[in-house]
4 protein chains.
Amino acid sequence: MRVMKFGGTSVGNAVAIDRTARIIADAYRGDGRLVAVVSAMSGVTNQLIAAAQAAAEGDEQAAARLQQELVERHRGAAAELIPTAARLEATVSRLTELATRCARLVESVHVLRDLSPRAQDWIVSFGERMSAVLIAAVLEERGIPAVPVDSDKVIVTDDHFGSANPLLDETRARAEAILVPLLEAGKLPVVTGFFGATPKGAVTTLGRGGSDFSASILAHALDADEVWIWTDVDGVMTADPRLVPSARTLPAISFAEATELAYFGAKVIHPRTMQPAAERGIPIWIKNTFNPEHPGTRIGPDTSSNGSVVKAITAIPGVSVITVEGSGFLSVADVTARVFETVGRTGVNVFMVFQASSQHSLGFVVRRTDASKVLRALEREFELDLLKGRVARLWEEPGMAIVAVVGAGMRGTPGVAGRVFGTLGQHRINIVAIAQGSSELNISFVIREDEVARAVPAIHDAFGLGGSAGERSAGS
Amino acid sequence: MRVMKFGGTSVGNAVAIDRTARIIADAYRGDGRLVAVVSAMSGVTNQLIAAAQAAAEGDEQAAARLQQELVERHRGAAAELIPTAARLEATVSRLTELATRCARLVESVHVLRDLSPRAQDWIVSFGERMSAVLIAAVLEERGIPAVPVDSDKVIVTDDHFGSANPLLDETRARAEAILVPLLEAGKLPVVTGFFGATPKGAVTTLGRGGSDFSASILAHALDADEVWIWTDVDGVMTADPRLVPSARTLPAISFAEATELAYFGAKVIHPRTMQPAAERGIPIWIKNTFNPEHPGTRIGPDTSSNGSVVKAITAIPGVSVITVEGSGFLSVADVTARVFETVGRTGVNVFMVFQASSQHSLGFVVRRTDASKVLRALEREFELDLLKGRVARLWEEPGMAIVAVVGAGMRGTPGVAGRVFGTLGQHRINIVAIAQGSSELNISFVIREDEVARAVPAIHDAFGLGGSAGERSAGS
Amino acid sequence: MRVMKFGGTSVGNAVAIDRTARIIADAYRGDGRLVAVVSAMSGVTNQLIAAAQAAAEGDEQAAARLQQELVERHRGAAAELIPTAARLEATVSRLTELATRCARLVESVHVLRDLSPRAQDWIVSFGERMSAVLIAAVLEERGIPAVPVDSDKVIVTDDHFGSANPLLDETRARAEAILVPLLEAGKLPVVTGFFGATPKGAVTTLGRGGSDFSASILAHALDADEVWIWTDVDGVMTADPRLVPSARTLPAISFAEATELAYFGAKVIHPRTMQPAAERGIPIWIKNTFNPEHPGTRIGPDTSSNGSVVKAITAIPGVSVITVEGSGFLSVADVTARVFETVGRTGVNVFMVFQASSQHSLGFVVRRTDASKVLRALEREFELDLLKGRVARLWEEPGMAIVAVVGAGMRGTPGVAGRVFGTLGQHRINIVAIAQGSSELNISFVIREDEVARAVPAIHDAFGLGGSAGERSAGS
Amino acid sequence: MRVMKFGGTSVGNAVAIDRTARIIADAYRGDGRLVAVVSAMSGVTNQLIAAAQAAAEGDEQAAARLQQELVERHRGAAAELIPTAARLEATVSRLTELATRCARLVESVHVLRDLSPRAQDWIVSFGERMSAVLIAAVLEERGIPAVPVDSDKVIVTDDHFGSANPLLDETRARAEAILVPLLEAGKLPVVTGFFGATPKGAVTTLGRGGSDFSASILAHALDADEVWIWTDVDGVMTADPRLVPSARTLPAISFAEATELAYFGAKVIHPRTMQPAAERGIPIWIKNTFNPEHPGTRIGPDTSSNGSVVKAITAIPGVSVITVEGSGFLSVADVTARVFETVGRTGVNVFMVFQASSQHSLGFVVRRTDASKVLRALEREFELDLLKGRVARLWEEPGMAIVAVVGAGMRGTPGVAGRVFGTLGQHRINIVAIAQGSSELNISFVIREDEVARAVPAIHDAFGLGGSAGERSAGS
């Protein structure tokens, strides 16, 4: 049994939906046991958030305008893909009803002038609800017994609205109660991606790109054989092709490598997707709706070594380096402990930490948008120490990017760091910070944001990642 | 006015003392205002500690044997250097009295079967006390009005026995009361290095190599023009010449660079020496007693750029990397805070910290001899988290070394890291960890201890540090 | 200038409003400079909260029903008190409009199935908005130039919805811009009590009984001469008259005593009311709308000593004693620190702390409704210590009450504790815990909740608080 | 088998030793299985400490003088009690050798000018070593096969010099190896009280009054039937007889009551004595050497209720109340946590904690001699909060005393607190602070030190503790 997830561009318009429906139909006719997970039509999620925010800020027309746009967009696609008039009418009626419910929520946000994370998650879920109805109808039109399923009935989560965590045991019980009977009856469930609900029923989203995560959670709950993530690229690439024209698709990588790539900025897959699948050893395939013959990338428990120690290069732009400069009065351990207690209280995510100097200065990397919050908290914490000179300075360097060079084979392979930093040197790119631990499968460093466009292609080139297979070895 | 410090090898035997006495005499005759700071004769400090430890552990003969050895060694040198019988007799009598006092302390340690840090500091101070008496007598013999001065009367410190911190204001007051009148009377004070005393008079040592520190403290207290550290090498070298035969002496480096080199293992100068001198902008010269014509190295407020971005390479062998591997349940900030609160309580010194991975693993470097203490403390702190899987693992990798590549010019110069790590790659030396922050003047990394002997020469070579001046530029 | 506040029962129906209007009119005619602060009609606040909660839980009719009830209740009172048809019509129209706006908010809560603290504060504010419109109209009818003023335009607060803290400087600026011109034009502002707004305009309430606080805040902002809190009792009493029939009204108490009484359960005044008035030394009078001739209680900077060391007795029922029993392995200081760090993280309010035993057991008092949250947090914190026997036990004793005996004169007066506890002994009431610090003006202890009804009258009696003045001295 | 301990006054001079020897001889002849534990002759411990301190501070003669005094004092008693010349000579020779060894330690302290806790413990142990030799010889003279045993061979402890903690398992093993064979051979071991040694053999003392503790530890190790503490009073008294002439000896109290009394100042027994005996349920008898017919006090697992709820009253003079006054900005929990973290770091013992006021002031009690250390630490911790007014004040009230009224029966008995505090009131004694928790068997409060002499007799009287049995009930 497979779980197949189709992202926003795979259901972005009538042509894309037609293509997606064909893929689903072929797969269903192949082995008959299939769960489809669908995202909202591309752009719809942003439209929903924008309308809800406008309503909260006082826009009187936001709800009405949203309703109209939702109906028109989905009805347009339905009209093209569902020739049977009765089915079209029933489908449009169902879509209209969903759009009306959604608009009512937005109108309420307008009245209360407040968009809570909880309300936003609920409103946003309507994108997937509508696309699931539409796609199930298109499949039915083609003779496939598809049934739209709302994932707030299946995926149970905690109440971290905006990036909820799945409760896997409860989800498994629900999947057995709801999805398994459908599968056993020969139906094809078309499940909404991206959201679940708390045990009490409040809708929660799983974070941006969460439909991948939904597919992995359902695969775990149903003991699926494989997860197929259908997207608009051929697979996980050696680098962002906008930066590196010669970037290639990787045939296979490990769960750990994929997690590292996703953590350090690769957008093809949601960072948390790997975890449920990896826990059960279920391989994840990345496939291209627009090029379904391409084999794609297999993310699996192991990765056949192909002689390449570096697999791919990713970057996170828009980060800041924050530095706390001691003055020797406080020990490294004490300053570090106090800095991270303080950062911990802000709830801000820390990407890298590095300390290595007699000056006792400690650096770390956070998102640019989190930096001033962190700085203010540190200034409060060290107010007295700054006054008394026990801490010399605290400052932020914005406009930075983290670049991560990833590959499990680099553990124990000499020369990788040399090639990475040698390449940067040849291109006269200054390195702001480096942190690399033993037993890691990546080298991460900080450079100026405006040098990413030169750095990534250069490293890609240095490891022959875009060239012919014969050149792809490092460290020699 | 200059403060000149002579290390153990500069006063190691009659020949060396003769040479040292000539240097002092020449300098005194030059401008007449001079303070000499002397270490114990080479080997004596270790002899004192060994005897005290043996006594504490029950050796009945330790005190008597020590007394005899101290007298013989110093009397031997005195006999060679002081032909005038009356002065020789007076000097030997004074040396014998010091040895007797010292032996009495060691005997008391034996009786109490306990060598406290306080008692050890006191016992150890007799090495310098005896060498100061000896050298002052030799100088007198040559017509120089030298006066031995015990530094526990001048340098005031806190009570951190074994590595005390100077109290600079109190020391200045004492220096004015004791040393200035001597200088004004045309005398040459021969001050014992290495130790001071608490305000209540308990003798304290300033840490291994503390005689350099003594000289810098006295220079600060006396507003000296220069500090000259006379030792057995020509100056600060580009690398340890035992590792790198082509290592060269550096003509000049900055206080910050010298501090970094000392912190990361360079033995020519005590790490804390730079601070008092730097505070007043007093240059420190490193000079060779055995080659006094060599200009040596000038450590000063600024350093004339000679086109070289890398100045020198140092290494600390005998360290361990400790890694705490999270499992995503705890945030990076929280784990880091708790790790370093715990390490802080152990009092152990941390050399490097690095974290950069989606695995939330955090690494840091401590001395091998401190590692098990730190590990045990972390195991206690994370006992419950390990049990519950919130922390995956804690482990030590022993047998490691930190290598630091130092040079103020590397800030903002691209290519240095590339050349460093590229060189390691070419020599197939695996890099265990890297941590480098922005605004630092060193690149530090961890490799296996047994690869230091290959790594340091290779980097030294790569930056042309040993070659002719023309080759010494990096980054091109 | 005076600020007069009228509570819910003072505006509870036509008869009460008539009485209140007369009091306001008399005061206005007296010196002409007056600000009235009004609560919602009694019961309306609860009605608003109940409707909002019902709506959030799915009640389809809650909003419509609420609108009808609000209009009917306020229109009924208006019809009785405003004979002039045109004014009545205009007033009812304004009241209806407010009820409609409120119902629309409740309907939105229904749609979103979520009552956020922010939405609740906004909805609840409509009780005061309607009563201010009604009372201003009644006053106008009587020839007083009253103007209803919404306090979200005047009182600026932080964003702790449900119990916001005033920002006094911003409030002063607003009061000068809005209220001072009205007062200078001879108008009588009828300001809504209980709520303010954040600087961005989100409505916030000041906590239960917050209208008292509103009056005190406005008095501070306007440098008023006095605050009069009109309520349904004659003043601050020596005890709750339902428990103690002989309880008397106190003619005067100090700010500190009133704060202590309010903190420990006296309901006549909101605990935080004293602070703004005390900061400017503005006396607060407690007066009875139903008995305006009674002099009431004056709460002021000082209190004329009338020979009585104990002023009043209060009680907080519904609390639990939580005890952490050490076993001597951990020090008192360490256990105490960890207990209160943990409690601090829960945000729960602690009423009393006591520790005095070789057993190292530490006790403290929280509300019964907070106890299980605190216990769970402590169980997590001490999980390992309980397992290893370093902490013996953690437990809750529910069904307890704190009783506080208050009076500034007890500082330095012997015999008060003796009389208090002696009285309890005579009535065979067991004392569960006592905590009293030096320099305090109260004695607080814990007894079983079901003994409050015996304890309070007995102590009241013992100090002669209800008797004739001649008997009111203690300690002799 | 019994362990009998004889304190300093029981071995203070020839007459006392004669009496003690008779008691031991009688007991030995009774059942033959007996271990005697002896303290140093009264005054000797202080003499040893004084000599060691004088030596450390430079007194040249301290060691010689000490040796002479020790020999004279013990030889004097020996001469009176051992008529047999050969035995006397052998005993004096052994005593002289011990005094010489001790003097040598003191001389070494003099040379090193430093009295470490470790050296002090070793020196102090010679008091018991000499008395054990003396008493064993006196017993031998009377035909009892007594053998002096040094407790550093038997009692194993950790290395907290000055108040070491026993390691019971190791001690049991040693007792089985050393004492059991002696007992089985019919010998009477005369064991030195007060000290043990670390596993490595460094001598450690168990704290003032530690000979009681030694006896209890040995009873635990040997599974003794009873411990008899022979002292100079008839037993545990209802109060200090110097304060309360009518104080009576209690026939029986529980382990818990005795612990509480010892913790709160009763000097008859060392606070930690109860723990090893209680762990094995071994009763401890307090008996009077000078009045051996008196039954004494039995401290046991249970205590026959004799109708008295209050058993005894103790006091700790010389304490200070420290108060931290918040200002409402910080929560009670947060202030309490920070205060006790800070106090915990100082290592100071806290006797009582109390907090109960809207002012958020927190009080606690420490020894006067610890107060300034604690205050300074708190001032540092709250430096910024004091500056910003988040903490209003920190202060010490010296000259205070804790009084504890103890009795297991007071749990659940109403009226005890009333009688206690009523009595204080009648005597016009002001109560500074009270802290009492549920489930405790004592009421503790703070009064002025100079009122202890009035307070304790008054309470003693109020509970009829000194009167005839008929009056001894409370709470009615």
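For all residues, glycine too, the Cβ spot is worked out from N, Cα and C.
Residues annotated as ATP binding site in TrEMBL: D:LYS5, D:PHE6, D:GLY7, D:GLY8, D:THR231, D:ASP232, D:ARG242, D:LYS267, D:VAL268. Sequence-distant contacts (6 or more apart, same chain, Cβ under 8 Å) of D:ARG242 (ATP binding site) do not exist in this structure.
DSSP gives D:GLU128 (substrate binding site) a helix state. Within 10 Å of the C-beta atom of D:GLU128 (substrate binding site) sit 31 other C-beta atoms, taking all shown protein chains into account. What TrEMBL lists as substrate binding site is D:THR45, D:GLU128.
Among the features that TrEMBL reports, domain 'ACT' is placed at D:405-476.
Spanning the listed ATP site, residues D:LYS5, D:PHE6, D:GLY7, D:GLY8, D:THR231, D:ASP232, D:ARG242, D:LYS267, D:VAL268 have a farthest Cα to Cα distance of 24 Å. Distance from the CA of D:GLY7 (ATP binding site) to the CA of D:GLU128 (substrate binding site) is 10 Å.
Each of the binding-site residues D:THR45, D:THR231 was scored by the other Cβ atoms within 10 Å of its Cβ; the lowest score goes to D:THR45. Look at the domain 'ACT' (D:405-476): DSSP puts its residues at 31 helix, 13 strand, 28 coil. Each residue contributes its Cα atom, and for D:THR45 (substrate binding site) and D:VAL268 (ATP binding site) these two points are 18 Å apart. Secondary structure at D:THR45 (substrate binding site), as computed by DSSP, is helix. Across all of the domain 'ACT' (D:405-476), the predicted model scores a mean pLDDT of 80. Within 10 Å of the C-beta of D:VAL268 (ATP binding site) there are 22 other C-beta atoms, taking all protein chains into account. Shown in sequence order, D:SER39, D:SER42, D:SER211, D:ASP212, D:ILE229, D:TRP230, D:THR231, D:ASP232 are the residues of the chain, 6+ apart in sequence, with a C-beta less than 8 angstroms from the C-beta of D:GLY7 (ATP binding site). For D:LYS5 (ATP binding site), the same-chain residues 6+ apart in sequence whose C-beta sits under 8 angstroms from its C-beta are D:ALA36, D:VAL37, D:VAL38, D:SER39, D:GLY193, D:SER211, D:ASP212, D:SER214, D:ALA215, D:VAL227, D:TRP228, D:ILE229, D:TRP230.
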